[in-house]
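Enquirer: From TrEMBL, for reference:
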- 1-38: region 'Disordered' (REGION)
- 1-21: compositional bias 'Polar residues' (COMPBIAS)
- 53-73: transmembrane segment (TRANSMEM)
- 79-98: transmembrane segment (TRANSMEM)
- 110-129: transmembrane segment (TRANSMEM)
- 167-185: transmembrane segment (TRANSMEM)
- 191-211: transmembrane segment (TRANSMEM)
- 268-293: transmembrane segment (TRANSMEM)
- 365-383: transmembrane segment (TRANSMEM)
- 389-409: transmembrane segment (TRANSMEM)
- 421-444: transmembrane segment (TRANSMEM)
- 450-468: transmembrane segment (TRANSMEM)
Amino acid sequence: MTELSSPNLDSASQKPRISTENPPPPPPHISIGVTTGDPATSPARTVNQIKKITVLPLVFLIFYEVSGGPFGIEDSVKAAGPLLAIVGFIVFPFIWSIPEALITAEMGTMFPENGGYVVWVTSAMGPYWGFQQGWVKWLSGVIDNALYPILFLDYLKSGIPILGSGIPRVAAILVLTVALTYLNYRGLSIVGVAAVLLGVFSILPFVVMSFMSIPKLKPSRWLVVSKKMKGVNWSLYLNTLFWNLNYWDSVSTLTGEVENPSKTLPRALFYALLLVVFSYIFPVLTGTGAIALDQKLWTDGYFADIGKVIGGVWLGWWIQAAAATSNMGMFLAEMSSDSFQLLGMAERGMLPEVFAKRSRYGTPWVGILFSASGVIFLSWLSFQEIVAAENLLYCFGMVLEFITFVRLRMKYPAASRPFKIPVGVLGSVLMCIPPTVLIGVIMAFTNLKVALVSLAAIVIGLVLQPCLKQVEKKGWLKFSTSSHLPNLME
């Protein structure tokens, strides 16, 4: 056991562990220790040879895990009109995105390993609830990822009608899924570079459109509310806002692959937050302020039509191409998060050891194949069903995260936190109240079919964990905890 005087860990082979031992005066505190192993055989040594992610690629990976650009926010205007859409994308980040990003920064730097939120919940509530967190988060991520090949083809079918239905569409979904899965297999550094390039290509047309729209803007158009509030579709409105402004914690499952996470993760979350919010607000201001309002036209893909009106056909095609490629970026980022989560769970002994195996590129190839299979299996669901189902499962996971955040503040108040939100226990409770209330509101607007399907998925997780324990006990599959990781139960 080695005691550290600094909260930062520069060596990738040294992972933090929370210890309740009291060192000599000054007064007792909870210290951070590390377990060291044989450098020649330590798994951390092998992982350390893999190129780590720096700030810029991480910013765009977060951007794509959360957003990917303003594609899909059109329904907020259709549901509630320009005023509530604009207000929603300004206010909602303070209620949800900022608290979630801050919690991710604090706990992600406190536990810099690939299990992410699974490790957080395990440390506060035990391995059973840690597994439940992993199950619902992985399932919601795979459900989310099932959208992107479908949306990619939806943007292309106007130019290539054969992709609209039938065998050609099914074949295109399979080919696209296989191609993007292969990119994930080839390495997270490649995914990071792809995310940067795709992100720049997706954002630029909206920058151009915003400047070109200035002479046509009429601010009075921003003040319109859908039929004086009576015609607001609150379910569609809230689900659209929530879907486009959540998943900030997804990056936590990649923390073990980040260079100097204690500094890189908080910075990347901050820059990504600004990028996401601005990428929503300015296109909505442009689209609603420069063109006369027709709410029924505000559906997926409408920004391409707005681009044609403001800048010409070339801008409309650029936005359409950006929308298609954005879905590729979101697929890559989400699959990276999902597959590394499974790797982190296997390293903690929650899943069979095979999920912890890495390819020669350092990627969790079993987790990638498992996640890709789930994407293909769920691709038959409709867009609205996917969004509602993943939102409900995600809400369940977020409730566990909020409880974990407060519990760790109470259980280990003096633990080393490289990034710490400047609030006490009471402040941490108060910070979690608004997003928890929002979760209740979203659940209240969920239809019965989606609620029953989501509940069934949660019940499967409750039963699955004891079943896996029996499989381990019988010796049917091999489970093991990586020796280079700290014991969360100490």
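Glycine is no exception: its Cβ is also placed from the backbone N, Cα and C atoms.
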Enquirer: Spell out yes or no: are there three or more C-beta pairs under 8 angstroms between the transmembrane segment (191-211) and the transmembrane segment (389-409), with each pair 6 or more apart in sequence?
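Expert: Not in contact, no.
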Enquirer: Take the transmembrane segment (421-444) and find every residue of the same chain, 6 or more past its ends, with a Cβ under 8 Å from one of its Cβ atoms.
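Expert: Distal contacts: 95-96, 99-100, 102-103, 105-106, 238-239, 242, 391-392, 395, 398-399, 402, 405-406, 409-410, 413, 451.
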Enquirer: So which of 53-73, 79-98, 110-129 has the most C-beta pairs under 8 Å when paired with the transmembrane segment (268-293)?
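Expert: Of the candidates 53-73, 79-98, 110-129, 53-73 scores highest.
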Enquirer: At a threshold of under 8 Å on Cβ distances, which of 53-73, 79-98, 389-409 pairs most often with the transmembrane segment (110-129)?
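Expert: Comparing 53-73, 79-98, 389-409: 389-409 has the most Cβ pairs near the transmembrane segment (110-129).
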Enquirer: Of the listed stretches (53-73, 79-98, 450-468), which one yields the highest count of Cβ-Cβ distances below 8 Å with the transmembrane segment (389-409)?
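Expert: Most contacts with the transmembrane segment (389-409): 450-468.
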Enquirer: Which sequence positions outside the transmembrane segment (79-98), separated from its termini by at least 6 residues, show Cβ-Cβ distances below 8 Å to it?
Expert: 66, 73, 221-227, 232-234, 236-237, 240-242, 245-246, 248, 273, 276-277, 280-281, 284-285, 288-289, 293, 295, 434-435, 438
